[in-house]
Amino acid sequence: MFWTYFLILIATFVLATFYGRSRALQVSNAQAVKLHSRPGYHGGFLAIVTVIPALLLLLAWVIVAPNILNNIVISESADYLSGLSKPEVEAFLRDARAIAFGGIVGFTDAGKEHAAELFASLSRTSNILIGVALAALVAAGFVFGSRAIVPSMRARHFVERSVMVALIVCSAVAIFTTVGIVLSLIFESLRFFQQVPVLDFVFGTHWSPQSAFIGAGAEQTGTNPEVFGAIPLLVGTMLITFIAIMVAAPIGLLSAIYLSDYATKTVRSVAKPVLEILAGIPTVVYGFFAALVVAPFIRGWGESIGLSVSSESALAAGVVMGIMIIPFVSSLSDDVINAVPQSLRDGSAGLGATKSETIRRVVLPAALPGIVSALILAISRAIGETMIVVMAAGLAANMTINPLEAVTTVTVQIVTLLVGDQEFDSAKTLAAFALGLLLFCITLALNVFALRVVKKYREQYD
Amino acid sequence: MAMEMTAGTVQTQNMTGALPLAEDGVPIKMQAQKVNVHYGEKQALYGVDLDVRKNNVTALIGPSGCGKSTFLRCLNRMNDTIDICRVGGNILLDNEDIYDQRIDVVELRARVGMVFQKPNPFPKSIFENVAYGPRIHGLAQSKAELDEIVATSLQKAGLFEEVKDRLDEPGTGLSGGQQQRLCIARAIAVSPEVILMDEPCSALDPIATAKVEELIDELRENYTIVIVTHSMQQAARVSQRTAFFHLGYLVEEGKTNDIFTNPKDQRTQDYITGRFG
């Protein structure tokens with residue numbers, strides 16, 4: 001029923017637009033110049049006034065109505081539901097709805113049949129009621145709107161403002177989603193910090209949440225805060241990120257310089273998309289590559305010169321992650337290097353500088369803020385990356401800066417804490433949220449830092 | 001002066017004697033012979049012959065798209081940076097063809113400097129802007145020598161008094177006129193023999209323009225200058241020779257005074273009296 005009403009409203013919108021236009025022409029005696037706003041704006045005005053309130057009501061109804069129906073049915077079938085637990089009531093309602101509206105029914109009985117009839121009749125009533133309400137709103141809006149159409153009416157302002165409101169609503173959705181995610185992280189983390197002190201978590205050097213519980217079975221009551229030290233994870237994350245940046249920064253930056261200043265148009269038009277394909281490879285595929293090609297290679301190489309290399313090493317994960325973020329660095333740097341005005345290059349060339357002198361002394365310094373932000377974006381990306389590390393660097397929370405040993409990262413531990421069936425009230429599971437919060441804080445700090453760098457060194461070109 | 005002791009200048013002084021003389025006895029610094037320029041399929045210049053006299057200001061005038069900037073950019077091979085651009089004919093600097101295989105374009109541009117239409121200071125300090133050229137060409141052996149070059153260049157560009165207390169501030173923070181004079185100082189700092197100016201005053205207000213024009217007149221003593229301008233008054237004020245371009249052809253060249261008072265060609269007559277362009 002929702003879709004029917006929705007389509008009718010959309011059709012009404014279109015019709016109202018046309019009617020508004022012709023109405024505007026009519027009140028101005030077909031002389032559009034006499035109107036304050038062009039006829040199209042009058043059409044838009046009438047359509048918005050007519051349809052948008054009804055559309056909002058329809059949305060509210062579709063969200064609220066099922067709950068109201070459920071509540072009515074529950075209170076009406078109290079005889080059948082007495083003594084049932086909450087999940088059983090829910091199953092009852094599900095079956096009743098399935099009988100009434102079609103669907104897979106578990107089993108039927110008199111109570112469900114009764115409830116189904118109730119559902120059917122209630123939803124008929126509700127559909128009719130909402131239909132009448134919608135029609136009334138549309139009619140009221142239409143009458144009001146078409147009366148308001150006079151030559152001096154400022155329809156353009158109204159439409160422009162409505163567009164702005166629509167844009168604000170969309171950005172608000174994005175912002176509130178972010179806020180919601182952060183809040184959920186914070187609340188779950190707070191529950192974790194009730195069991196494990198913040199300082200033990202942030203500065204602890206031992207991580208093994210599997211051994212978190214004191215006691216056994218149903219009696220497990222206490223949590224051992226000693227084993228939730230995040231430092232080994234942070235060290236692992238930093239180590240892998242560092243290796244990745246050591247790989248990606250020079251390769252990405254130099255290829256960006258080649259692409260922007262040396263490559264011919266043909267090479268550029270082929271090489272740039274190919275480089276960007278790297279960004280399109282699923283990280284899981286990079287993971288295979290790291291675990292099956294790079295890690296054994298590094299181990300073999302290490303052993304041949306007499307080093308002990310674990311088969312899952314930070315080096316393997318870091319190198320592959322570096323390859324993964326090359327396109328970020330190169331593509332973004334290429335953009336900022338291209339944004340350095342040609343006039344600066346000409347000026348330098350006009351003084352007898354060679355191409356590489358121009359690039360080193362004029363172009364790169366001018367593009368530096370952008371390059372820094374590209375690098376930091378790549379770092380945030382590397383810190384948040386999971387799959388490669390899961391497959392190539394292992395799960396052992398070693399606190400080491402030796403790139404040949406297995407390490408683990410924050411993201412990998414979040415995955416291992418949440419994989420499988422978990423209860424959401426143990427410290428072990430909640431630790432994942434605290435780790436997520438920690439990670440969020442780190443990347444946020446990095447981004448803020450990057451923005452400050454960019455702001456400080458930004459040059460104004462005009 | 002310290003900066004005139006550099007290798008390039010010495011070489012020029014040796015060769016001055018060998019320069020060909022124009023009919024009025026002035027040595028010819030640069031000579032264009034039958035210069036054709038194509039941008040892809042489109043021809044921009046047709047057989048341009050032009051002598052640039054030493055220690056003169058030569059003004060190139062003509063309506064937009066007539067090829068005067070293209071010609072200017074041929075003189076220090078700035079057109080090389082444009083892929084589709086082909087240059088035919090000969091351009092001689094001190095009797096040497098600058099399009100010859102053996103010529104190093106980097107050295108050429110150090111000898112034939114360029115000032116652009118829009119001031120384009122590098123995003124560096126005022127000092128670093130001027131020191132840029134001397135640094136890349138290794139003109140200064142010590143910090144003191146570099147300071148000296150920067151100071152003399154700024155003085156010659158008439159900017160020193162205005163900026164001497166803030167040489168560390170960014171060059172981009174100066175006013176438009178100051179920026180353009182900074183760019184001229186930057187060009188002077190590598191002690192070029194020829195300075196090419198592509199409408200150097202088109203982005204400046206009248207007062208800044210007057211200062212730059214005054215400067216051009218002073219620079220004539222030490223440098224050979226070629227200037228592209230849209231303003232015929234400017235050409236009349238600053239130049240000794242004027243060349244009028246039209247639709248890719250060099251229509252007429254002569255003493256500035258003659259061109260403006262007694263043009264030989266009808267097109268020049270029409271242009272300078274404002275009938276087109």
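Here the Cβ of each residue, glycine as well, is placed from N, Cα and C on the backbone.
Given the structure is predicted, the values throughout are model-derived calculations rather than measurements.
Per TrEMBL, these features apply:
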DOMAIN    A:234-450  domain 'ABC transmembrane type-1'
TRANSMEM  A:40-64  transmembrane segment
TRANSMEM  A:128-150  transmembrane segment
TRANSMEM  A:162-187  transmembrane segment
TRANSMEM  A:233-257  transmembrane segment
TRANSMEM  A:277-298  transmembrane segment
TRANSMEM  A:305-329  transmembrane segment
TRANSMEM  A:362-383  transmembrane segment
TRANSMEM  A:431-454  transmembrane segment
Beyond the flanks of the transmembrane segment (A:362-383) by at least 6 residues, Cβ under 8 Å: 237, 240-241, 244-245, 248-249, 252-253, 257, 261, 321-322, 324-325, 328-329, 332-333, 335-337, 339-340, 344-345, 347-348, 353, 409-411, 439, 442-443, 446-447, 449-451, 453-459
Same-chain residues near the transmembrane segment (A:233-257), Cβ under 8 Å, at least 6 residues beyond its ends: 207, 275, 314-315, 317-319, 321-331, 333-334, 337, 359, 364, 371, 374-375, 378-379, 382-383, 389, 393, 397-401, 403, 407-411, 413, 435, 438
When counting Cβ pairs under 8 Å to the transmembrane segment (A:305-329), the leader among A:162-187, A:277-298, A:431-454: A:277-298
Contact set, same chain, for the transmembrane segment (A:162-187): CB under 8 Å, 6 or more residues outside the stretch: 44, 48, 52, 433, 436-437, 440
